[in-house]
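Quick notes on the structure that follows.
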Amino acid sequence: MGNSKSGALSKEILEELQLNTKFTEEELSSWYQSFLKECPSGRITRQEFQTIYSKFFPEADPKAYAQHVFRSFDANSDGTLDFKEYVIALHMTSAGKTNQKLEWAFSLYDVDGNGTISKNEVLEIVTAIFKMISPEDTKHLPEDENTPEKRAEKIWGFFGKKDDDKLTEKEFIEGTLANKEILRLIQFEPQKVKEKLKEKKL
């Protein structure tokens with residue numbers, strides 16, 4: 001997307017990222033230098049993205065979730081993210097405005113990219129999320145959502161869908177905005193990602 005490899009971030013991309021995220025010019029410029037050091041080509045691969053995510057969760061297995069996050073931001077499906085896509089991915093998974101976040105969450109759950117979500121797709125993402133929850137934390141989850149299957153069932157039940165029904169983006173966003181319980185169940189906001197962003201160690 002037109003990222004310069006000379007070591008300076010283009011003014012257009014800088015302005016766009018400042019507009020779409022809460023990051024400052026200094027933060028973005030600093031991350032860009034680090035990004036180029038790690039990825040001299042100016043692009044990050046699925047494997048590299050997975051490795052970065054793994055650093056946040058040394059005691060868990062974030063590979064599956066990281067792959068889904070990567071897929072949802074790889075807009076042109078070329079198997080890489082440029083700096084802009086990478087920063088937006090980190091922003092959306094750690095902060096993000098609710099509506100933007102829900103649009104992203106829909107694309108995360110729409111595993112096959114066909115514009116609707118099935119119950120099986122919900123289970124696939126929830127299973128990936130559970131791999132990042134420590135066994136200790138899992139013990140503290142309510143009885144009706146302490147396994148991926150139970151949580152997927154609970155989410156699907158909130159939307160009032162039959163097992164073989166599909167969920168559109170409009171239904172997903174409206175349903176989630178109307179019910180904070182769904183919002184809590186569908187998202188996973190890694191606190192460690194937020195902490196790393198604050199430390200500017202990405």
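Glycine residues also receive a Cβ, built from the backbone N, Cα and C atoms like all the rest.
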Query = In Swiss-Prot, which of 137-140, 161-164, 189-192 is labelled region 'Interaction with GRK1'?
reply = 189-192
N76 (Ca(2+) 1 binding site), number of other Cβ atoms within 10 Å = 10
From binding-site residues D74, N76, D78, T80, E85, the one whose Cα lies nearest D110 (Ca(2+) 2 binding site) = D74
Ask   = Which one, from the binding-site residues D74, D112, has the smallest tally of other C-beta atoms lying within 10 Å of its C-beta?
value = D112
